[in-house]
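The next block holds one structure in the form of structure tokens; read it before the comments.
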Amino acid sequence: MNNKREKLLEGIKKTKTREAVLSVLEHAEKPLSAMDICMEIEKTGENIWLSTVYRILELFIKKDIVNKISVMNNEMAVYELNRFIHKHYAVCMDCHKIIPMNNCPMEKFVPKIEDNEFHVIGHNVEVYGICRDCYRKK
């Protein structure tokens, strides 16, 4: 186990299933659903229950190891390793692809909000639309 992973799991009992979930998230190029994580683990020949993946993800969220991204009014959630990078995503309403946005749409608004005697400690922006691929199919 590398030092970075040991630091992430500090204070958490190390189990084979927790290691497997963490490994999938470390290698993921995009946020994944719990089902996606489960299927990736099963590709390695390991058996894991979806409910176990959810329990591990909830623990990792509490420990600030994983970020949960709720999209489409909480109808769907995806998870990513917390790399402590500020991100927002656009979600395709047809194929449900999640596309990272290159900049924060709130950058210009937060200072204006704070001018009104309100201190912003966080925000979440959900952008819905049709991705390029789905738009071309129409």
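Indices start at 1 and increase along the chain as displayed.
Cβ from N, Cα, C; glycine included.
Copied over from TrEMBL:
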type    : residues                     : note
BINDING : HIS86, GLU107, HIS123        : Fe cation binding site
BINDING : CYS92, CYS95, CYS131, CYS134 : Zn(2+) binding site
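On the backbone, the CA of CYS131 (Zn(2+) binding site) and the CA of HIS86 (Fe cation binding site) stand 22 Å apart.
Note on the binding-site residues HIS86, HIS123: the fewest other CB atoms within 10 A surround the CB of HIS86. The binding-site residues in question are CYS92, CYS95, CYS131, CYS134, and the one with the fewest Cβ neighbours inside 10 Å is CYS95.
Counting only residues at least six positions away in the same chain, no Cβ atom sits under 8 Å from the Cβ of GLU107 (Fe cation binding site). Annotated Zn(2+) site CYS92, CYS95, CYS131, CYS134; additional same-chain residues within 8 Å of its Cβ mean position, judged by their own Cβ, are MET93, ASP94, HIS96, LYS97, ILE130, ARG132, ASP133, TYR135.
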